[in-house]
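Per TrEMBL, the features are as follows:
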- C23: active site, nucleophile (ACT_SITE)
- C26: active site, nucleophile (ACT_SITE)
- C23-C26: disulfide bond (DISULFID)
- 1-99: domain 'Thioredoxin' (DOMAIN)
- D17: site 'Deprotonates C-terminal active site Cys' (SITE)
- A24: site 'Contributes to redox potential value' (SITE)
- P25: site 'Contributes to redox potential value' (SITE)
Amino acid sequence: MEKFDQIIQGQTPVVVDFYATWCAPCNMMAPILQQVKGSLGEHVRILKIDVDKNPEIAMKYQIRGVPTLMIFQHGQRKWTGSGVIQADQLTSVIRSATSSSQQER
């Protein structure tokens with residue numbers, strides 16, 4: 001949990017994918033997240049959290065269903081969504097959720 005907290009404190013936006021290995025929609029998100037990472041490169045980090053292996057993090061963020069995605073920047077949650085989200089929509093969400101921080105640089 002300490003390492004998770006350190007990662008989400010950074011300036012680079014972090015997309016956290018709360019998933020389970022048995023979840024078919026979660027498996028659909030893997031290539032979508034790769035596509036988003038390919039589009040945004042070093043401007044985003046992708047972090048996958050298996051809710052079955054990390055129940056304390058799932059409980060802390062009240063994960064009730066998977067997949068659930070959250071965007072963090074500077075330790076603050078900027079956005080939360082659940083279900084399968086297409087790459088272009090997720091890319092837009094990341095840009096808009098973190099745009100105020102990007103402009104402050």
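Heads up, the Cβ atoms here are built off N, Cα and C, so glycines get one too.
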Just to be sure I understand the packing, how many Cβ atoms besides its own are within 10 Å of the Cβ of P25 (site 'Contributes to redox potential value')? 14
Counting Cβ atoms within 10 Å of each candidate's own Cβ, which of the recorded positions C23, A24, C26 comes out highest? C26
Simplified DSSP label at C23 (active site, nucleophile) comes out coil
What is the Cβ neighbour count of D17 (site 'Deprotonates C-terminal active site Cys') at a 10 Å cut-off, with all protein chains included? 19
For the domain 'Thioredoxin' (1-99), provide the mean pLDDT of the predicted model. 95
Taking each of C23, A24, P25 in turn, which of these recorded positions have a Cα lying within 10 angstroms of the Cα of D17 (site 'Deprotonates C-terminal active site Cys')? none
D17 (site 'Deprotonates C-terminal active site Cys'): secondary structure state under DSSP, collapsed to three categories: strand
